Each structure stands twice: as structure tokens, then as C-alpha cells.
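The domain 'SEA' annotation in TrEMBL covers 165-274. According to TrEMBL, the domain 'Ig-like' annotation covers 275-369, 472-562. The feature domain 'GAIN-B' is assigned by TrEMBL to 839-1000. Residues annotated as domain 'G-protein coupled receptors family 2 profile 2' in TrEMBL: 1009-1267. If you look up TrEMBL, you'll see 1-19 marked as signal peptide. Marked as transmembrane segment by TrEMBL: 1011-1038, 1050-1072, 1092-1114, 1126-1148, 1168-1196, 1217-1237, 1243-1266.
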């Protein structure tokens, strides 16, 4: 009936009959769109509003309109119903709205007055919704109302609907029954013949049985399940009472049981659309009390609840409550209450009501939302009576019932809450004053908690920590401060609170005092800051403020400081510094200062004092006295001072003037300015008062030293400083005492750069200017915490001048005087570089270059800088890879400064070193680095044949902190004809030097060592090959018992290991050209295998010794041959492998596994060689000890241990082998260890080379051919039969003679060794066969 061009309306009429005589129609309508059939809206509960019917023309819609018609005359009721029933539908709209059609009008509910009540009943085919039956009083049983439904009449019309709704909708019953027959897999396949046969037969029987149900329509088998055979099927009908269903099931059983053996007790019926399931609240929060309600018109108390996710059957407990009851004798109600619900309780819940074979089930899923509260970060609040707001907000929109604020802490500072329910936020306003947080409790933290509470009990809270700080009350040093220049003073500022963000001092002009002048300490109940000035100057005259700042609150106390003018001791110039005065002569002495003040000056010598006459010469004021020698006892040496006293009655004493009163007969040198002196006399004089040429009115500085030679004064040492530099030096010294030195530093560095460029040609005339400039830089480098690029440019401009070639001669003079000015300069540049805070910048000067980089956050790029000095024909590169930079903090700075000429003026650390003409490169990181920091550098090699290069750094702590070159942590990676590559694990100033300690590749010693090595290796390899060949030939003859077999296994493995070691030794020599490896990877591999093979030699020697010890000491203990072999190979190869792998693993990642000049274990950097030397020497000691024990055991056997005559020969053979081979191998590496020390004697190199090269020959002779059984086997194998017979006869005779009789030369030696004389006969005791076997094995270990 729908049309896109018209609107269809369906009216549901509710008629109310009243007793009034007149008719009054009042239409109160509810309009809601319905794109579905009207029956689908029956379960909704619309909110009724008085409004006109609104329709929209553009789109065709269906509306269901509930219309209430009130009749004042009840007679109109039947007339209205008859009229409505006689209408023909659809009813067309009127002229105003022709597109509107009325499809149907049906009366649903009729309300009639009954007594004092109004009873409302449903028309035929309609019924009251279940919720109305549960919550309204019913009036069933009244004679005038329809019967057949227990809730067809209610007392009173529901005020907001819904009204009676259509009944009789179809229901689907999901049922199952079991067949007592075996389950076949074909029943799983719906296409199989068996499945179709079962389905057809069962559906036919089901239709016949269930056709008795009212409104039965169809039955369908849906599946078969194992468990015998469980048939699952669905029945569609309109009603099904338990009695009818029971009868229908009996009929089904009769129809089918003969064939399929149906179990009549297994019928199950499940209803899914008869139970109303509700959850309160709709939005569930953690902590809520949640109610799940099941309502069903079936009267039964057998209701169960289940949590699907956990399979948990819900029972009554502390958190779960199940309550089931019958409401109004019409509806079963079951209520599940979950207290303090959690996330684990979320999921699907099933409510199941069971009645007979019927199951009425319903399920719903609940979601539990965690409560998230957002709040302020922890706060600091000043108790200054200003309001501060704390705020909390809920992340979700929930109708919170209330928000509570609580506090917990030592002090109680309440606030006023304000909650906005719409936004879900609450604000708590605090106003703290000094009475609430006294100074003694300043810094106390109070925890404020905002707690959101839902209507169902959920609680979510958030803590805000608030630290209350009192306004600081300051106390300052009360006494007035009045000092003179040069004196010290301090000001103590005490706060009664310990919480502050910053403490600083400034002047009355607002200029901050430099941090080095004050210290701050915090105490539990307060704090103090002390401003300390050790040497006051006139700049300190004024008012100073102590300021404690906490956020935007400032506590300030002021103190006035009065500084009276008075010259500082270094600023007082005296003349003479020292002088010779004949006893009959006199001399003018004077003290000069650079200002004219009202000072009182006297000269004092011991207890005598002399007046001073004032003389003003421009800006300079001098105080003079004519000293007469005859007034003092003569001869005598005396110190004279001038005392200057100011108006505050404070005085300062000048530097001393040393006067030597002499008879005067030997005075030969005389000069009106310098004075007189005896031959050889050396005196010092201020350059200002000497005869050094200078511009008048420009005071020069420094000291000049004269020596009396003949009759003339000769200059011995000139340390005069030019006037501009001297002025800057004085300003620098004053700057260090200035309260605002960091603010003045930039302009001072600029003036220093300009002045240094202007006087660079005068440095040779004023040698002291160089030292003065270095002292200035050293002083100023301690000032800044941050340096910008402009300041760094001025610093490097100054450095460029003093490192220029014209000034190198002055540097050489400084070196001859053994000063540390070059080290001092380098240290100053490093300090400036560390303070640099500038983006990536480059500064280039002829004698110095600087490049820097900022470390960005994230993944920093590698640091790579290159420096080229064309004038010096030098270049260098610096590289730091990304993995090193990742450990640095973001915004750190890396700075590299390169010097082409500094190397020539830095002191040499060891005499005899020849320094390469290379750069000095200083790399600094702005932050302190405590872990190893790998840096790689490449220097141009200007001395490719000048010796072995060493990578070095300048260690400022050497030579009593004057500095020197050090190679610790640095090594040479690669050397080519053009470059030297270095790697270091720290940062500072680096360079390279050439070391002549290692013999030159073309030297006679090196050639001799090479010849010995190669010849010896050839003999060794041939001998080891011969040894293995001999063992192969005689193997069967010499391994007839277990112990002898083990002995020869050890000998073979010793020879094989040493053979492999010699081969790898040759490989290592072939891939190295005396300076650097041709292939670094091959060098590492060769070193590893040489190390492993040599260790294997020693561990097989240890195995041989332990086997002997085992056989001698544990005679009665027997171990199988397979176990002995396993132990031997584990010890012989397993231990060396573990040691070798650990060594390479610990050192190769830092590239310090091998030496720089050989493919062998490193010694200089990591002492990796000890991983070979220590195990080898321990094995030597162990085997020597075993040898002594064996000899003692042989010569002094206990009862029962006496071996047979044949076994004594075997035991003696093993003792010989171990006793000879072990010392030889140990002695070899003892000499080898001596060669690793620098400057070792060439004899150690020669002896080590000889012993090491001929080790294979020693193995052949003492380990193989010296064995008597091997000799016999070889003779039997290759000699004539007659000679062999004679030899056997001789051998038999020899066997009958005691081995250690005096007739045996070797026996005599051993007997004499242990103090024995005469014949030592060995007899064999009576022992068991087992003991004899073990004893024989022990003494045949080497046979």
C-alpha cells in the first residue's frame, strides 16, 4: 500500500467512556515514523506529547497514531466502534492534504468506570504489555471483561502508555531429542543419503505429533550431533502449553520409536523470545552495583545465571546476589545483583528459567568502563593569600551523583568546591595565608583527593599533591660592612623556609652577581646564602640584594657595602726589586701606584721606618725615600717595604725590596738606572723602571733580569710585557675580582683580540707579552658558563696570532725556560670549547680552525669534520659514529679545534722521541662523559719512514701537572704512506708521534730475527711432521695398554697443535708488513688460531702430567678409556677454546685485540697477552710439581706400590718427557714475556726467537724419539733381523737389571739428587690382578 507520493497513517483508537451527558472529543496524539510494519512498534514505549500530527510530504512514510477519544456519554462508545468498523480502507485525504491515506483503524483498549475506579481492558486480539502487568494493579475476574488471559484488565489507564498490544505472534521453539543409536559421520554431511533419510523420517513424525499445537505451522530438523544421535530441530507455532507439548512429544515417540529408538525422557525445549532481560544502569562503571533482571510469564522459581566468558554458574556470595520470586502470581522474576563490579565481571550473562522440559533463556552482554579522572599536575602553592584552583574532570559523560574533595596532610587548608555536572568537572579553590602554613611547616605536602561518585556506587578518584611554601622571611648580616680594597668580606642571608626555586644576588642596578661569589645551602627548616668576596675592589662598593625566588614570589633583603680605596699589593710597583748598595753610599727607593689619593705612606725596614716624599708624574704617583747605607749596620741584607694607609686606617704592604749592603770594594758594574753590582751578580728589575725602550706614558709590565759581566750589566732574561698587553693583563686580573665578570667578558675578549693583532710584531721585543696573553686566556677561560660564536671567534683570533710562525722563536725561548705555557694555552682552549653554545659553526684562521655540531634529539647523524691547512701542508679528519652520539643528551655540543703549529711547541715527554709534523686536534663534548667514548682520527703522515707511529693525547696530569704525551686508550688502526689512522676511547687533544723503540724493518737485528724465525719454523714443521709420521708407524706397537695409549694420544695432539700454530704463525707474518696488517680480518683470525693452538700445546702437556699423577696416586682407581679420552680432549681443546673466545670477545669490539705492529695478542692497550702467558706459566708450574712428585714416588715407593721392572722404564720415560718439555716450553714464553716491555734488551728477542722456532724439534727429540719403546718399534720395523735379535737380547738383559742401580748413569744422577748411594733394587709385591693391572698401567704411561 506504500506509495512514494502519499503518506499512509494507521490509527490505534483508545476510547474512554465517562458518565457525562455531553460529548467532548480530545485528541492527544503521539506521532512516530514507521518504515516497518506496525507490529514491530508494539514493544516501544513512546513519550506522549500534546502536539499536532506532523507529516512530511517529500517522502512516503507510515505513522502509527495513538488517539485517545473521551466520551462524556457512554452511548457513543458502541456507535463509534460500529462506525469505525464500517469504514472502507484506505480512506483518502481531504483537499488540503490529498496525498495522505488512512490504511486502518482498530480499537485496542476500552476503559469503563466501575464504582470509584476505572477499569481498562483489551479488545479481542490484544493484551497488555508485560511491564504493565508487573507494575499495575489488575482487575481480572470481573464478569464483564473478556477471559482467557490473566492480564486483560488493569485498574486505571497508564498515564504515558503503552496501551494494549497485538497478541498471537508466532513463536519458534528450539528443541532437541536423543536417539539411542550409534552416531555415523555421514550425519554431519547434509548432502549424504543417510542425512536426508533421517531428516525426512524425523520431520514426518514431528509434523504428525506437533500438529496438535495451536497455530502449528512447520517443523525443521537443523542438525545431528554426536551423543548417540542428538536431533536438533525447530517448531514454529503460536502457543505451546506444557501439557500440549507433553502430549505432542508422546505422539512423536510412538511414531518413530520403533525405528530410531527415541529416548522419550530426552526432549528439551528452549524459548528465546518469552523472557524480558533488563540491566541497570545502562552505562556501567567499575565499582557500580549492577542489577540484571529476568522477567517471564511462566511461573517457576528454577532460574539459573551463568557468566559465559568464564563458564561460571553465578551463586550467592559476597559480591553476587541472586533473588527469584513470583510477582502478582503472574510473572517469574529473577534478579542478579553484582556488587562493586570489575572488568573481570564484564561479558555475556545468560538467564535461564526451567519448567519441566521447557527452558526459557535470554542473554545480554554488559561492558564495564573504567573510570578515568583527569586532574592538575602536582602543584606548589605560595601561602600569600592568593586563590589557587585545583580541578578534576571525568573523561566520560556520566550523570555523577556527587563529587567529594578530601585532604590528607600535616596542615589543614580547606577550600570551596564547585561542580559542573554538565561538563563533568569539579573545581576546588584554595586560599592559603601565612597563618595556615607557618615557616616551620613550609614545604609541607598535602594530598587533595577529588572523588566522583555515581548513582550506583562507583567511585573514581585522583590525587593532587600540593606543596605549600611560606613566604620566606629573610635575615641578613646585621653589622655594617666597611672594608678597604684588597680585604675580604661576606654577607650571610638566612631564610626561614627551605623551599625555593632560585637564590641569587644582584646589585642595586639589577646586575646579577657572578655565581662563583656565593654559595647556597638548604636545611630542613630553612636555607642560607653567603656572598663571599676574598679580594674586594671598588666595584664592590654599593648595595647588594639577597633574593629568594619561589615561582613569582620574591623575598628580598638588602645590604650596603662600603669599599674604601686602597691599592692592591700586585698593583704597587717598587724600585728596586733588589739592589746592591755600598756601605758608604745611598740609593733612592720608591713605590708607585696608578692613582692620586690621600694616602699616608712610610717605608719600613725591620723595626725602622722612614718617611716618604710624594711625586706625581701624570697618572702615576710615586713615593720616594733617599736611603743612606751608613745609617744601617753594614754589611747586611735587608727587606724594605712601603706601607700605604688610607683614610679608613687600613694599610697594605708593598712587595719587598731586597737591599744588599756591601763594603763596595768589589763593585764593578755601575748604571744610573740598574744600579751597581759585583761580578756575577744577578738582579731583577721591573721593566717599567728599566732601560727597556718604550713609549713614554705607557706603563709596560713584567720583570727583566740582569747579570753583572765584567763591568757591564747584561740582560739575562727578558720577560717584559708591552704596554697594551700589560693593560689588558691588569684588566683581566681586575675582571676576575669583578662582581659582574661574565657580563664584561664578551667586550674584553674583543679588546684582547684587537690588541693582540696590533702588537704581534712587538712580541719578540717584549717576550713576556706571550706569557701574559696565555695567562689572560687561562684566567678568562675559567669565567664563562656559556660562550657564543662571536666570543669563540675572538678567542681563536688571539690564539691564531700567538701560534703564528713569527712568534715561534719566542715559544722556543719559553721551552728552554721549561715553562708549561703551551700546555696552559691548550687547556684554556679546551675550557672555552667546552663552554661553547652555538649552532653548527666553523671558524677558520691560518693557525687554528674550529668546527662544531649540535646533537639533535632522535637519531643523530655521525660527527665527521675535516681540517686542511694549506700553508702547513697538513690535514686531518675526526669521526664519531652514531652509536656513540646516541648516548649524549640532546642539544649537546661537539667541538673540534685543530692546530698546525702547536705540536712543535708542546713539550716532549720522553727524550729520544721524534715527533711527526702533524696536527694537534682537540675534540670536546659539552657534557661530562663517564663511559668510554670512541673517536677515530686520521692524520697526514709526513714521516712515512721515520719510525713506528703512535697515537697519543696530551695528558695535563703528567710531569707534575705540567702535561705530557700519553698513549693510554689510543692505538693505531692503520698506517699508509699518506696517513695514520687512530682510535681512542676518550676525548681531549690528540696527535701522533714516531717511536724509534721497535727495530726498523731494515735493521740488522730485525733481519737476524727473521732469519732465525723462518729457519727454525722450517725445522719445527719438518720435525713435527716427522713426529706424527713416527707415531703413525709405531702406533700399534706402543699403544698395547690403556695408559701407554693415552700417553701417545697426548704426544700426537701436542705435535699437531704446535704444527697448526706454526702454520698460522707463517700466515700472520705474511699478512703484516711490520707497520700495519694488510688485512685486519685475516690478522684477527691468525691471532686467534695462533693463540688457540699454543694454548692447546700447553693444555695437552697438562693432560699428560695429570694422567701420570692419576696413575701413580690413585692406583686402585680404574677409569675407562673412553672417559679418559673425553676428559683429555675437553681439557686439551675445550679450555683453550674458551680462553681464546673470551679474549677475542672482550677486546675485538674495541679493536684492541691485536697489536699494531704484529698479528699477535695486544699488550700495550689491554694486556690481552696475559690470556696466554698466565695459563701457560700455571701449567708449567703444575707439571714441574707433578714431575717432582713422580720422581719422589719412584725413588721412595710405599709398600704395595712397587712397579714391575718393565713399568719402571715407562714411568721414567714420562718423567723425562714432562721434565724436559715443560721447562723448555715455559722458558720459551718466559723470554717472550720479557720482550713485550718497552726498551727490553735485544738478547731477550734473540733467545725467545730461537726457543720458539725450534719447539717442534724439541717435541720430536724428547717427546717421541727418546721413548725406548718407540726406538725398539722403529728398529723392529726397519732394521735387519739379526741386528734386531741382538738388540732384543740386549734389551731383555737390560730389563733384568734394576733401572736405578748404581751401574745406570741416569740412575746415579737421580740417586745423588735425592741423597741416595748404592744400588736401589725394586721388587714387586704380591698384589691382586686388578691392582697389578692398574699399577702396570701407571708405570707404562710413557712406554
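Just so it is clear, glycine is given a Cβ too, placed from its N, Cα and C backbone atoms.
TrEMBL entries are annotated by machine, without manual review.
Among the stretches 1011-1038, 1050-1072, 1126-1148, the one making the largest number of Cβ pairs under 8 Å with the transmembrane segment (1243-1266) is 1011-1038. Ranking 1011-1038, 1050-1072, 1126-1148, 1168-1196 by CB pairs under 8 A with the transmembrane segment (1092-1114) puts 1168-1196 at the top. The listed stretches are 1011-1038, 1050-1072, 1126-1148; of these, 1126-1148 has the most Cβ pairs under 8 Å to the transmembrane segment (1168-1196). Here the transmembrane segment (1126-1148) has Cβ contacts under 8 Å with residues 1046, 1049-1050, 1053, 1057, 1084, 1087-1088, 1091-1093, 1095-1096, 1099-1100, 1102-1103, 1106-1107, 1161-1162, 1166, 1168, 1171, 1175 of the same chain, all six or more residues outside its ends. Sequence-distant contacts of the transmembrane segment (1050-1072) (same chain, at least 6 residues past either end, Cβ-Cβ under 8 Å): 1013, 1017, 1020-1021, 1024-1025, 1027-1028, 1031, 1078-1079, 1082-1083, 1086-1087, 1089-1090, 1093-1094, 1096-1097, 1100-1101, 1103-1104, 1107, 1128, 1132, 1157-1160, 1217, 1255-1256, 1259-1260, 1263-1264. Here the domain 'Ig-like' (275-369) is broken down by DSSP into helix, strand and coil counts: 3 helix, 58 strand, 34 coil.
For the domain 'SEA' (165-274), residue counts in helix, strand and coil come to 44 helix, 34 strand, 32 coil, using DSSP.
Summarised by DSSP class, the composition of the domain 'Ig-like' (472-562) is 6 helix, 54 strand, 31 coil.
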